[in-house]
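Here TrEMBL flags 31-53 as compositional bias 'Low complexity'. Taken from TrEMBL, the feature compositional bias 'Basic and acidic residues' covers 471-480. What TrEMBL lists as region 'Disordered' is 1-58, 457-496. The annotation transmembrane segment is assigned in TrEMBL to 82-103, 115-134, 146-166, 259-279, 328-345, 365-387, 399-417, 429-450.
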Amino acid sequence: MKKRSSSRGSPDTAATATAETNDMNQSSTVKSGASSAPTTPTKTRAAASTTTGNNVKPKPEEIAETFLVVNERPVDDISLDFFYKPHTITLLAVSVLAVMYFAFVRDEGNFEENIWSGILCVVFFFLIISVLAFPNGPFTRPHPAVWRILFGCSVLYLMALQFLMFQNHKTIMNIFYWLDPKLKDFHINMDKEYGVNCSDVSFERVKGHLDVFAWGHFLGWAFKAVLIRHMGILWAISIMWEITEITFAHLLPNFVECWWDALILDVLICNGLGIWVGLKICKMLEMREYKWASIKDISSTSGKIKRAVLQFTPESWTAIRWLDPKSTAMRFAAVIQLVIFWQVTELNTFFLKHIFEMPPDHYIVIGRLVFVGLFVAPSVRQYYTYVTDTRCKRVGTQCWVYGAIMVSEAILCIKNGKELFERTQAINIVIWLTVQVLISVAFVYGCILWQRMMDKRKTSKNQPSPVKKLKSQESKESKGKVSPKKSQKRNDKKIE
């Protein structure tokens with residue numbers, strides 16, 4: 001018997017969960033890949049089914065339930081009730097006691113440590129409130145509380161960006177110097193040359209470019225493939241990013257690359273292999289049979305450990321179809337918007353560490369990349385549901401917050417990089433925007449044409465050829481006909 005919980009800790013939910021625990025049989029839930037996800041109507045020209053000639057609009061209950069699933073998905077098949085029961089009073093008591101202990105015991109002689117401790121306390125209580133009040137989004141593994149804390153981190157990051165937006169460049173740099181005094185000694189060398197001696201293509205030189213950043217490049221594209229799960233959109237983003245690097249190379253010197261570095265190492269090897277590996281992982285997860293047994297029903301210790309580790313894997317895997325042969329203009333534009341917004345997100349990463357002068361391996365840069373990647377995962381899922389499902393009338397909260405983060409980072413870069421953007425060549429930006437739109441439209445429309453061609457092939461394979469139809473008709477007619485001799489014999493028997 002399945003138990004369903006939003007893990008909010010409401011009394012009704014907890015009581016229902018406790019009552020149903022006694023009725024549970026030793027059973028497991030079997031989910032097979034994409035079929036495990038509920039089918040949803042897609043936003044196509046024929047999205048609203050026509051039974052009597054009139055469009056059937058989704059009911060308000062369906063709209064509310066669809067948004068609930070994508071914004072605060074409930075937990076199915078609870079096996080350990082303790083982790084999903086409300087513990088609000090216990091959490092409040094432990095939190096207050098911990099804060100009281102550190103507030104009275106710690107040394108208050110250092111002014112900077114006092115400020116840092118106060119900030120950490122604010123973050124600590126804000127994340128606790130996130131667990132209690134914020135939605136977990138479309139994911140529930142390993143636990144909804146993890147995604148609520150992540151959502152709380154995204155809100156904190158957005159608030160920090162809003163605060164920094166009203167500071168000047170000197171104040172922001174002093175804040176970073178307070179966080180890490182070593183940044184005072186780091187400055188970007190604008191005189192360093194990139195992409196020189198491109199005709200010198202040797203094995204040693206190519207090998208020198210395959211450093212830790214190349215591996216990061218490869219893993220990043222594999223992660224993007226797992227999130228987007230569409231080869232056409234991924235290749236559009238990959239090719240357009242190389243065009244973006246060429247366009248902004250006069251502002252960011254490290255964007256200057258040799259042709260073999262950009263085309264072979266970046267596009268074909270790092271991007272291409274990353275996309276291929278990511279889509280292979282998606283295919284494996286889609287074809288996998290998801291069978292979840294309760295950890296209480298497993299007798300062996302190794303089996304319990306394996307089940308605990310599998311808690312950090314997806315509960316099910318849904319097939320993604322961004323584009324449809326009958327996609328509406330709005331869905332077409334939404335996919336193009338996704339491609340362009342992805343370019344803005346990538347640009348923010350490079351402009352932030354250039355304007356505020358941080359080394360690529362600094363913990364602030366790496367921490368931002370990790371958190372942004374985690375923010376994007378539920379955001380893409382919520383955006384996909386909003387684009388493709390007719391019953392979803394608004395984007396999820398995590399997607400909304402990430403959109404605000406992306407725009408805030410861009411504004412922060414423009415505001416504090418006035419000297420850098422004064423050297424911007426306007427014609428390059430206009431050409432870049434034009435090429436971005438044209439390539440996005442071409443790739444997305446090409447994906448639609450490809451999908452139409454594949455659908456026609458499937459229908460043609462399912463339908464028999466005219467020759468086979470004629471032969472089947474002749475065989476049916478021959479079976480239905482009776483020879484003259486047999487008919488004469490039957491008549492003679494009747495006369496007798």
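Here the Cβ of each residue, glycine as well, is placed from N, Cα and C on the backbone.
Automatic, uncurated: that is what TrEMBL annotation is.
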Contact yes or no, the transmembrane segment (365-387) and the transmembrane segment (146-166), 3+ Cβ pairs under 8 Å, gap 6+: yes
Highest-contact recorded stretch vs the transmembrane segment (82-103), from 115-134, 146-166, 328-345, 399-417, 429-450, CB pairs under 8 Å: 115-134
Outside the transmembrane segment (115-134), six or more residues from its ends: residues with CB under 8 Å to it: 9, 88, 91, 95, 99, 102, 106, 145, 148-149, 151-153, 155-156, 397
Considering the transmembrane segment (328-345), which listed stretch of 146-166, 399-417, 429-450 counts the most C-beta pairs under 8 Å: 429-450
Same-chain residues at least 6 beyond the ends of the transmembrane segment (399-417) whose Cβ lies under 8 Å from its Cβ atoms: 151, 154-155, 157-158, 161-162, 164-165, 168-169, 172, 341, 344-345, 347-348, 351-352, 354-356, 372, 375-376, 378-380, 382-383, 386
